[in-house]
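Enquirer: Submitted below is the structure of interest, expressed as structure tokens.
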Amino acid sequence: MASSVVVALLVLLSLSGLEAIQHAPKIQVYSRHPAENGKPNFLNCYVSGFHPSDIEVDLLKNGKKIEKVEHSDLSFSKDWSFYLLYYTEFTPSEKDEYACRVSHVTFSTPKTVKWDRNI
């Protein structure tokens with residue numbers, strides 16, 4: 001009985017230590033298919049390698065938040081860092097600019113990464 005209590009306490013202490021670890025997210029913005037003006041596509045923002053799990057991700061069109069956005073479930077890697085995919089259907093054009101804005105405790109201000117249609 002006493003040994004199981006000690007093990008439980010050690011597990012709780014090690015898990016509470018995970019909250020102190022902070023890793024900034026890596027942000028990748030890309031389209032599902034090569035960009036063609038006027039042709040429907042999907043805009044993806046893959047955010048990975050972050051800890052803790054609290055994060056805010058927005059897809060932007062010309063600096064304004066896109067409302068109809070879907071995302072994957074929050075998942076974690078073997079190193080206990082987290083990852084997410086946010087995506088939306090869009091139709092690229094020469095005049096529009098798309099980006100992904102991420103807010104996380106590791107950033108003093110939100111970080112915005114622009115979509116490069118040539119990638």
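Glycine is treated like the rest: Cβ placed from N, Cα and C.
Copied straight from Swiss-Prot:
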type	residues	note
SIGNAL	1-20	signal peptide
DOMAIN	25-114	domain 'Ig-like C1-type'
DISULFID	Cys45-Cys100	disulfide bond
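Quick one: where do these features end up spatially?
Expert: The local packing around Cys100 (disulfide bond), expressed as other Cβ atoms within 10 Å of its Cβ over all shown chains, amounts to 23.
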Enquirer: Residues with Cβ closer than 8 Å to the Cβ of Cys45 (disulfide bond), same chain and 6+ apart in sequence?
Expert: Ile27, Gln28, Val29, Val57, Leu59, Leu85, Tyr86, Tyr87, Cys100, Val102, Val113
